[in-house]
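**Student:** In case it's useful when we look at the structure, here is the feature table from Swiss-Prot:
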- His158, Glu167, Glu293, Asp318, Ser370, His371, Arg372, Ser373, Lys394: substrate binding site (BINDING)
- Glu210: active site, proton donor (ACT_SITE)
- Asp245, Glu293, Asp318: Mg(2+) binding site (BINDING)
- Lys343: active site, proton acceptor (ACT_SITE)
Amino acid sequence: MSITKIHAREILDSRGNPTVEVDLYTAKGRFRAAVPSGASTGVHEALELRDGDKSRYLGKGTVKAVDHVNKDIAAKLIEKKFSVVDQEKIDHFMLELDGTENKSKFGANAILGVSLAVCKAGAAEKGVPLYRHIADLAGHKDVILPCPAFNVINGGSHAGNKLAMQEFMILPIGASNFHEAMRIGAEVYHNLKNVIKAKYGKDATNVGDEGGFAPNILENNEALELLKTAIEKAGYPDKIIIGMDVAASEFYKAGKYDLDFKSPDDPARYITGDQLGDLYKSFIKGYPVQSIEDPFDQDDWAAWTKFTAAVDIQVVGDDLTVTNPKRIQQAVEKKACNCLLLKVNQIGSVTESIKACKLAQSNGWGVMVSHRSGETEDTFIADLVVGLCTGQIKTGAPCRSERLAKYNQLMRIEEELGAKAKFAGKDYRHPKIN
């Protein structure tokens, strides 16, 4: 079944910034997709096209990207009469139309909007759920419910506090299914709120962009201490591990790292990559920290390689790899990390996202599917993580509807699968896939 109409519009994301939404029509109906956007972005990401007109949305408008869909992509795509199940053909056609290495002509936000909508239409065309269609595209017989990674304490570029490290997460890997993982996550979140309120006062429980708390603390181990207390109070010390997203590129200065980067600059306090690595090792020793994302700058390859060789935890590449097969290949060769953070808008199409995922998995890496800090109510990544069988997803705290939209969709998927539902749990790094 081919596409009859495509219409893009500008909508607002969860931070009040414009983003692209695409409606795609076939004889089966209308299929809608919205594109997310990040705050801490890697320099190697595909280009998100913004208007740059300061008189409108402070320069963040997406009218140009919307126009590219409506005026450049739509007619040419419809003319080709591709079947919507041919995801790869359609994505490659758009990439050829754009013709640039990083999608800078149309913008990754234009191409991805269409790509996501095509994927939803393809599932409807086959009469299967979206997660099943994605599993087929990836060549998987199985589908797997992921372990959620709830970002419950925010720092870095996501928060107005002095905390340098961007995310402190809880992963309920000891849960027996996804529903239980949600309950554990929510209960720890509520306990954490009470712990923070008791220690720092009521205004310390205001939430950040991703629904986590952003108490005004400076020391990163203080955040870990708060998590440890909340996990114990909730009664789940044996079921939860801690994950971190350091986003170290945000505080990399002159070859060193500034753990107080939100204060006036003082090079005397900068630390080396080795010192930062030792700090992480102390976290791993003192707390159940089992996953660290972006521990070093996106181009500090030596520090990555040294650290990954020295620890047995999950080391996740985000700014390092930006879901880009070329960067992933480089990281594989250098043994820089052992897990890919998969963000569809970093690479800009469904086909390339699947390719990046398969490349990582074929090299023995784990894969964690991720939201962005500027999200929408679109739930595509919930189906994506189930279909790609990656075993882990991070899409914020159990708070704020644009985050819960994904978690709730995962609960619906688990319910729909019934007795066939498999939960990654303790195998979150390497789920058993058929």
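A Cβ is built for glycine as well, from the same backbone N, Cα and C atoms used for every other residue.
Structural setting of the listed features?
**Tutor:** Secondary structure from DSSP puts Ser370 (substrate binding site) in a beta strand.
Listed in sequence order, Asn151, Asn154, His158, Glu167, His371, Ser373, Gly396, Ala397, Arg400, Arg403 are the same-chain residues six or more apart from Glu210 (active site, proton donor) with CB atoms under 8 A from its CB.
DSSP classifies Glu293 (substrate binding site) as strand under the three-state reduction.
With a 10 A radius on its CB, Lys343 (active site, proton acceptor) counts 25 other CB atoms from all the protein chains.
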**Student:** Please state whether DSSP places His158 (substrate binding site) in a helix, a strand or coil.
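**Tutor:** His158 (substrate binding site) sits in a helix per DSSP.
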**Student:** Just checking the recorded positions Lys343, Arg372, Lys394: which sit within 10 A of Asp318 (Mg(2+) binding site), CA to CA?
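**Tutor:** If one measures from the Cα of Asp318 (Mg(2+) binding site), the recorded positions that come within 10 Å are Lys343.
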**Student:** Is Glu210 (active site, proton donor) helix, strand or coil when read with DSSP?
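**Tutor:** Looking at the DSSP assignment, Glu210 (active site, proton donor) belongs to neither helix nor strand, so coil.
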**Student:** Looking only at C-alpha atoms, tell me how far Arg372 (substrate binding site) is from Lys343 (active site, proton acceptor), rounded to the nearest Å.
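**Tutor:** If we compare the Cα positions of Arg372 (substrate binding site) and Lys343 (active site, proton acceptor), the gap is 8 Å.
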